[in-house]
Amino acid sequence: MTFNRSDVGAGAIFVGIGLFFGLMTLYGLDIGTARRMGPGYFPIVLSGLLVVFGITTILKGIGHEDVERGPLPWRGIAILLGVPVIFGLLIRPLGIAPVLLVTTFITSFASRRMSLIVALLLSLGLTVFCILVFVMGLGLPLRIFGPLVEPWTRPIFGVR
Amino acid sequence: MDLISNLSLGLSIALQPHNLAFCFVGCLLGTLVGVLPGIGPTATIAMLLPITLGLDPSTSLIMLAGIYYGAQYGGSTTAILINLPGESSSAVTAIDGYQMAKRGRAGIALAAAALGSFFAGTVATVVLALFAPPLAKAALKFGSPEYFSLMVLGLVCAIALAHGSILKATAMIIVGLLFGLVGADLYSGAQRFTFGIPELSDELNFVSVAVGVFGIAEILRNLQNETDRDVMVKKVTGLWPTREDFRRMAGPVVRGTALGSILGVLPGGGAILAAFASYTVEKRISRRPQEFGKGAIEGVAGPESANNAGAQTSFIPMLTLGIPANPVMALMIGAMIIQGIVPGPNVVNQNPELFWGIIASMWAGNLMLVLLNLPLIGLWVRLLTIPYYLLFPAIMAFAAIGIYSINSNPYDLYTLTLFGALGYALVRFGCEPAPLLLGFVLGPMLEEHLRRAMIISRGDPTVFLTRPISAVLLVIAAIVLAVVLMPSVRRKREEVFVEED
């Protein structure tokens, strides 16, 4: 069977999101009436519409030729989507300086052209730049060193 | 006269040294992201928005606005010199601008773009000053039904002006609306779609959503085919157009400005549409249509003026109604909310220094941009060749810092990952991210006004049709939808957007 992967893929995502919100609403929120709408009224209407639009998109794609879209940058996808999670998990215990160093180093390797030396210099440079500009210059409320590493950094950098 | 006193109030704000400084920083950053690949004004403003929270509201918005119209200037530089629009509304400029550069007239093309943009920016500033206050006054009479209908009209326009499939654009808006509802319900306090996680009860962080669908998705798209950028023109000389060039530019600039000022107000991509409309008009009325596509200066001057005028008049619905015309304006509204200003028709009266300060700063900013872009063009040319692998780690670092520092909430970063994945998948499947973000920002407002209108009318849905302003807005929305769905228009529309890609 020929089908256009763009249409079928997008349609499937729409149906998935529609079902997710629809079921969550049905099993947990009061829908109410048009006169006194409950917290579930607007979501149930929208998710119903989304499922319909999703199915229409899928049907539109069936029987159409696929278009070539090039290979997926798997390494980039894994790294770029993983880095915010790593940042979120480590920021409280470690503080901004170690986290930036680690995440920038990892991020660098999303490109196939990155070399080890460049990645090291880049992450070091960016970390120093960000701390000077954002924390010291603009005064964003970020701890440079978190509680987990502070005992070791205090003798070198003092209390931050 | 009111206008004079208001503008002088605005100028007194905009010309304060620290506001001038931040306006300059905004313009500089805007030009930079316009020139650099893989990051547009939407993602930049989203990332830098948290960083401006320490500034006072006027200063912060002046700087963010500078990034937006600065990117219009920077985008034209890449369009002309390497045939790659650094920013989507410069796509048209690339057609004739690059051809001019190939014929050794790069300097003149850049000058035509910058001078046209400056003229358009100046006129659009006056248009904004003239039309925004009366519109805000009229909007004060709006009740919930009117607001609901206005937002429906806005969303319909966003669908009409989105690239590609209408079906997908509509679905993207609904996806945005749904995600906009995550969090505590305004009326009952019920937790919606939060899985009992207290960090989510505040609603999803819209900066995470914006950076996810515009920033991360864009980086991934660039990593898909990493190539070096080849700059054909290493040294730009001969910036000053001849008398003949000026004569040929004048008409297109004026017409482009007029078109841009009108179309910019429309929701959904005013600046881009304005540039296209201007190019089409110039080609049609030109005595030398065969020159278009081969380096006609009219094809650079007109669209560049139109997109800059459009970029500025798109502030009108944002400043007067609190309704965003495009994703950047949605972010501006977010910035106001974070600063404790309620966007809407009251801004003119309650925060005149903000309102007039922004308007006046645009004029100052446009002047700075001409000075930044023409004499310093050599610097920008050199920046064009910065390899991408040095850029995106910096983009990611700034994004993470910006997002985390809004609420110190790690969940905002997980939201970033979620929307990065969703955004990239959907963009790869041929969907536009802009309608999603507009839906996301408008979702809570749309629901609030719908529910309030239904309570006021005691459950009678005809309230939207019996109130005259609301009815007119809905009729316009229906007409727009009908026109877009007409088979002939649909075919034409597809052609236009294919040409752009």
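In case you wondered, yes, glycine gets a Cβ from its N, Cα and C as well.
Under 8 Å from some Cβ of the transmembrane segment (B:20-39) lie the Cβ atoms of residues 14, 48, 55, 59-60, 62-78, 84, 86-87, 90, 215, 218-219, 222, 229, 361, 364-365, 368-369, 372-373, 380, 383-384, 386, 388, 391-392, 395, all in the same chain and six or more residues away from its ends. Summarising the annotation, TrEMBL assigns transmembrane segment to B:20-39 (among others).
Per-residue confidence over the domain 'DUF112' (B:20-438) averages 85 (mean pLDDT, predicted model). The annotation domain 'DUF112' is assigned in TrEMBL to B:20-438.
Annotation source TrEMBL lists transmembrane segment at B:108-132 (among others). Counting same-chain residues at least six beyond the ends of the transmembrane segment (B:108-132), those with a Cβ under 8 angstroms from any Cβ of the stretch are 3, 6-7, 10, 69, 72-73, 76-77, 80-81, 93, 96-97, 100-101, 236, 238-242, 245, 249, 252-254, 256-257, 260-261, 264, 297, 300-302, 304-313, 315-316, 319-320, 348, 355-356, 359-360, 362-363, 365-367, 369-370, 373-374, 377.
Taken from TrEMBL, the feature transmembrane segment covers B:147-164 (among others).
Per TrEMBL, the feature transmembrane segment maps to B:171-190 (among others).
Annotation comment: TrEMBL describes B:258-281 (among others) as transmembrane segment.
The transmembrane segment annotation in TrEMBL covers B:321-342 (among others).
Sequence-distant contacts of the transmembrane segment (B:354-374), counting only residues of its own chain at least 6 positions beyond either end whose CB sits under 8 Å from a CB of the stretch, comprise 6-7, 9-11, 13-15, 19-20, 23-24, 26-28, 30-31, 57-58, 61-62, 65-66, 69-70, 73-74, 77, 110-111, 114-115, 117-118, 121-122, 124-125, 128-129, 132, 239, 308, 312, 315, 319, 341, 347-348, 380. Annotation comment: TrEMBL describes B:354-374 (among others) as transmembrane segment.
The annotation transmembrane segment is assigned in TrEMBL to B:386-406 (among others).
TrEMBL lists B:418-443 (among others) with the feature transmembrane segment.
Marked as transmembrane segment by TrEMBL: B:464-486 (among others).
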Beyond the flanks of the transmembrane segment (B:386-406) by at least 6 residues, Cβ under 8 Å: 36-39, 43, 46-51, 53, 205, 207-208, 211, 215-216, 219, 222-223, 226, 228, 338, 412-413, 416
Interface present between the transmembrane segment (B:147-164) and the transmembrane segment (B:464-486) (three or more C-beta pairs under 8 A): yes
Residue numbers, six or more beyond the limits of the transmembrane segment (B:418-443), whose CB comes under 8 Å of its CB atoms: 42, 151, 154-155, 158-159, 162-165, 168-181, 204, 206, 208-217, 220-221, 267-269, 323-324, 326-327, 330, 333-334
Considering the transmembrane segment (B:147-164), which listed stretch of B:171-190, B:258-281, B:321-342 counts the most C-beta pairs under 8 Å: B:258-281
Distant-in-sequence neighbours of the transmembrane segment (B:258-281), which means Cβ under 8 A and at least six residues beyond its ends: 72, 88-93, 95, 120, 123-124, 127, 153-155, 157-162, 252, 292, 299, 302-314, 316-317, 323-326, 434-435, 438, 496, 500
Same-chain residues at least 6 beyond the ends of the transmembrane segment (B:321-342) whose Cβ lies under 8 Å from its Cβ atoms: 41-42, 45-46, 49, 52-53, 57, 60-61, 64-65, 68, 135-136, 139, 142, 150-151, 154, 206-207, 210, 214, 264-271, 314-315, 350-351, 354, 406, 433-434, 437-438, 440-442
